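Participant: I'd like to ask some things about the structure below.
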Ligand SMILES: C[S@@+](CC[C@H](N)C(=O)[O-])C[C@H]1O[C@@H](n2cnc3c(N)ncnc32)[C@H](O)[C@@H]1O
């Protein structure tokens, strides 16, 4: 999934020769999205963080789920699933100290690769070759849903939300609110990716096994299963370990929890520890009747939270913008630059996440200097300098090179900023409104955050441009090293 995130991130700066590298927008044409059913009528937000597209299941469905959990041997003694502002959540049945185990879910209830293999899907998924784990678990979810009451997981499937506020479920009209953002590009890229996986499994598995999928499975169904996994799987359980853990997945996120300690473990239980369970602990002390929360991911930006879970946080460290820098194949020094980048652990393309209020990522300026290197500075690219060049690039190389970086970045920021349909001021005014629906709030928070980061980047390079005359460049450093420049900056002549 990490790779996915980087598929489509404008703006993209390409190196080149002669004039400074130009900005190429890799923004795709406006996406043609399937019109998805609208979310259940969004209620007023209980808090800035509360998602509202999640319609609560009926009391009967919730009761049935609780009965199912205990009949299947899940240990849920200290918490109960309940309706909360975020949809469903886990509420403490008694006072719980920090670190207390609140749920233990036996492996037989997990939806994972083993469950796929053990099901009637096992043979078809196995023979379909390299199905990605999320694809086969998505198919399992859809297969089990198709079995209705006969499925082991029926009571669990009945309480899953039909959609969240994740941008993958937004209508075309709603997506207009994030016009110009990186979030829109990423959302479009993710949906295209899911669509292409769906096209494959539809042809190879769904249509070829009508006994397993007697009804129609649409792209929207597949997207729903993808969204379920994306929003409910504990981050460390992705990839081959991907597992959807019923009941434990009802835990909601609270941004106030900042501990990096894991709140769950997989352990053996019962006779000789033979029964594997997923054990969830509360990361905070909780009073009886209060909701138990965890921190989903401290490192996710608001755009990632919006895409994965359908909420954002009012926290500037979640405001981020990813700059994509790339050595252009048309750069006359392409081979040399690529070689230097690779020797220093980087590649043809580099991604730099710039966070609001934080300094620029390390290596960004160095990589930019490499990208903009040309003209009379090109001697640094010669093989002779290969082992030292990165060190040289860590400091200003020449006025031309530094100026080129400043201009290229400022132009990129300006052009990215021009693509948004509102200004920061307009967005901040909109955020004051009481009647915002959850998706509008998410859209505004993401776009205002991206714009603030772009302005921050622009200001850094604007300021730097004013200081170009005060910087010390390669030639000056070199002359100093050779003893040709005195401490007061004068050139020392042999004659004097
Ligand atoms: C792992 S599930 C948690 C259970 C979920 N609330 C439910 O009703 O099934 C994650 C989803 O819960 C909601 N959620 C969790 N924490 C939230 C928060 N702090 N604010 C808003 N929505 C939240 C989002 O819809 C998210 O996609």
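Each Cβ is built from the backbone N, Cα and C atoms, and glycine gets one as well.
TrEMBL labels come from automatic prediction, so no person has curated them.
According to TrEMBL, the protein has these features:
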- 86, 87, 88, 232, 252, 253: S-adenosyl-L-methionine binding site (BINDING)
- 232, 249, 264, 296, 309: substrate binding site (BINDING)
- 69-297: domain 'SET' (DOMAIN)
Participant: Return the residues near residue 296 (substrate binding site), defined as same-chain residues 6+ apart in sequence whose C-beta is under 8 angstroms from its C-beta, sorted by sequence, else 'none'.
Facilitator: 235, 253, 305, 309
Participant: Using DSSP with the three-state reduction, classify residue 249 (substrate binding site) as helix, strand or coil.
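Facilitator: DSSP assigns residue 249 (substrate binding site) to helix.
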Participant: 232, 264, 296: which of these binding-site residues put a Cβ within less than 6 Å of any ligand 1 atom?
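Facilitator: Correct list: 232.
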Participant: So what sits near residue 264 (substrate binding site) in its own chain, CB-to-CB under 8 Å and at least six residues off in sequence?
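Facilitator: When sequence neighbours closer than 6 are ignored, residue 264 (substrate binding site) has 234, 248, 278, 279, 280, 281 within Cβ distance under 8 Å.
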Participant: Under 8 Å Cβ to Cβ from residue 232 (S-adenosyl-L-methionine binding site), same chain, six or more residues apart: give me those in sequence order, or none if nothing qualifies.
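Facilitator: In sequence order, 244, 249 meet the Cβ cut-off.
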